[in-house]
Amino acid sequence: MYRSNTCGALRASHIGSEVVLSGWVHKLRDKGFVVWVDLRDRYGITQLVFDEDRTPKELLEQARELGRETVIQVKGEVIERASKNPNIPTGEIEVLVKELTILNKSLLPPFTIEDETDGGEDIRMKYRYLDIRRNPVKNKLIFRHKVSMEVRKYLSEQGFIDVETPYLIKSTPEGARDFLVPSRMNEGQFYALPQSPQTFKQLLMVGGLDKYFQIVKCFRDEDLRADRQPEFTQIDCEMAFVEQEDILNTFEGLTKHLLKEIKGVEIDEFPRMTFDDAMRLYGNDKPDIRFGMRFGELNAVAQHKDFNVFNSAELVVGIAVPGAAEYTRKEIDALIDWVKRPQVGAKGMVYVKCNEDGSYKSSVDKFYDQDDLAQWADVTGAKPGDLICVLSGNTNETRAQLSALRMELAERLGLRKPDEFAPLWVVDFPLLELDEETGTYHAMHHPFTSPKPGQLQLLDTNPGAVKANAYDLVLNGNEIGGGSIRIHDKQVQATMFKHLGFTPEEAKAQFGFLMDAFQYGAPPHGGIAFGLDRLVAILGGQETIRDFIAFPKNNSGRDVMIDAPAKIDEEQLKELHLKLNM
Ligand code: ASP
């Protein structure tokens, strides 16, 4: 028996009992006549004591030599501590050691195994197994486990069944690049790793399994923007005989369950907003609604004077920043520089200080009088003490810029509170998105998403105006889930492929299996997928997903611990019928 108790278990009630503990040497304090060792495992820390009066000499000497992270087993008696430590659950006791076995020695770890470590990101990733011994990482993995167990429990209780789908498949169209796997047995042919199980879950619906879920890895070979992983986990779901409303209700239920069980937060009903409103009011299809600062469009009240910057703009739009009228000239200049950074890309910013006495002071006082500015305040909802920030230009760009400013200011003002949860359904997404560069349309969600009823004809005349039965679940400014009601009619699917620029031959080659299946009684169906990594991070009150993943990749898609990706040898290349051309 390696242990009778864990290192987090012993309390005052155990005093007098004989115990066996195993774990890692966390810390050692040698006072000469007495040696204390903090013994650590996943469950906590227990203090071991060796002293001159009660411990045989050799044992005391042996204890003195213990290096950090050595794995040991001890047998001893639980005794009351002379000076108690109220900060840890085992702080009332210590174990007077009678036997010590070294189970394995350890090299000196390259960083300290402490909550606040001296190790930088790179070194911690290289020795991730040591990093996982640290509470902040360990606790996040345990937290993730809790979330995924609650997901399984909830969905299973709702009648969903967990079905595995294959990883070695053929391209799926989530709009990213595929990771490819050469086939040894099929010369010159490749599998693609799934960007999601999209087509398979639809085929499960054709197969009659009307409620499916899977916690599943997805693979997308994208340039890694901040905090993305090339392989990530989805809670993937699909249901048959459902309308959009059924899906929203079911997964609102799941999200409520998680918020309640994991965070103790109860939310009555999730608000809904159309995509168009989200763009108009927040400049963004995943608005953080934990705070206000809604956009006020100012064209009507700002385009009647000689200020050409505004007159020539497609959109003039502002936000009222609470309490920021007192910003100094320097602070405002810094804000202007911030929006002019290439990452944001605004040409400049107009501001209005709404003074406490009801007067206004703006950077464009030359063009606008107090009555004009009062109207701006009205439109943006600014109160005395607020600062109105106004951007102008092309609609899409200006919205994106003001949205970035809104988020930045909210961050600075402490309005993005990690323990406040504001879910939101964004609905009525456009079906298609115009690629400004090529002038062609592609599916905003994916090609299997159905248009709103009665809008199919519009595809020929005004494709950009067609709305989809597609929805996203947004939590605190992050898209945590997205899905759609699917097309289940072969003809409609063929029309859709045509509009996306597929020839009938291409459509058949790539998705013939799905269109064939639709001919055998495909039920109406729809679904959603949640990004589990992000969901867990947000529930955990964190902005980054990396520590919620046991073995994440770095920004270049590398696993620096196992050193992957890596070269393969000639023999393997030959077997796969591949030649490198670099
Ligand atoms: N497969 C979709 C995605 O990965 C989700 C869905 O439509 O259910 O975004």
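Each residue, glycine too, has its Cβ placed from N, Cα and C.
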If you look at how TrEMBL annotates this chain, which of 198-201, 362-365, 482-485, 522-525 comes out as region 'Aspartate'? 198-201
To which of Arg133, Arg134, Arg406, Arg486 does TrEMBL also attribute binding of L-aspartate at the site defined by Glu174, Arg220, His445? Arg486
Arg220, Asp221, Glu222, Gln229, Gly531, Leu532, Asp533, Arg534 bind ATP according to TrEMBL; which of Glu164, Glu269, Glu479, Glu575 goes with them? Glu479
Kindly state the mean pLDDT of the region 'Aspartate' (198-201) in the predicted structure. 97
Pull the DSSP breakdown for the region 'Aspartate' (198-201) and write it out as helix, strand, coil residue counts. 4 helix, 0 strand, 0 coil
Arg534 (ATP binding site) versus binding-site residues Glu174, Arg220, His445, Arg486 - nearest by Cα: Arg220
Quick one: pull the CA-CA distance for His445 (L-aspartate binding site) versus Glu479 (ATP binding site), whole Å only. 13
I'd like to know which of the binding-site residues listed (Glu174, Arg220, Glu222, Glu479, Arg534) lie near ligand 1, counting only a CB under 6 Å away. Glu174
Between all pairs in Arg220, Asp221, Glu222, Gln229, Glu479, Gly531, Leu532, Asp533, Arg534 (listed as ATP binders), what's the biggest Cα distance, rounded to the nearest Å? 20
Taking DSSP as the reference, which of helix, strand or coil describes Arg534 (ATP binding site)? helix
